[in-house]
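S.K.: Below are the features I grabbed from Swiss-Prot:
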BINDING   Cys24, Cys27, Cys40, Cys43  Zn(2+) binding site
Amino acid sequence: MAKTSWKVKANRAPKFKVRAYTRCQLCGRSHSVLRKFRICRICFRVLAHQGRIPGIKKASW
């Protein structure tokens, strides 16, 4: 889990736009965040398996 201070810092508008970075809305992870859902790959996988993300299902071929 990310520190609360990191989550607060990520929500603030940066002084320059290029300094902005994505952070998972659920756990605060900064790496591997899916922009469309604003959550990390780990949280995405858990929520997808639970069926809590509409339109997403496990691939099978």
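Including glycine, each Cβ sits where the backbone N, Cα and C put it.
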S.K.: I want the residues beyond Cys24, Cys27, Cys40, Cys43 whose C-beta is within 8 angstroms of the mean position of the Zn(2+) site's C-beta atoms, in chain order.
M.R.: Gln25, Leu26, Gly28, Arg29, Val33, Ile39, Arg41, Ile42, Phe44
S.K.: Return the single residue from the binding-site residues list (Cys24, Cys27) that has the minimum number of other CB atoms within 10 Å.
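M.R.: Checked Cys24, Cys27; of these binding-site residues, fewest Cβ neighbours within 10 Å: Cys27.
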S.K.: Give the residue from the binding-site residues Cys40, Cys43 that has the most other Cβ atoms within 10 Å of its Cβ, counting over every protein chain displayed.
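M.R.: By the 10 Å Cβ neighbour count, Cys40 comes out on top.
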S.K.: May I ask you to report the DSSP-based helix, strand or coil state of Cys27 (Zn(2+) binding site)?
M.R.: coil
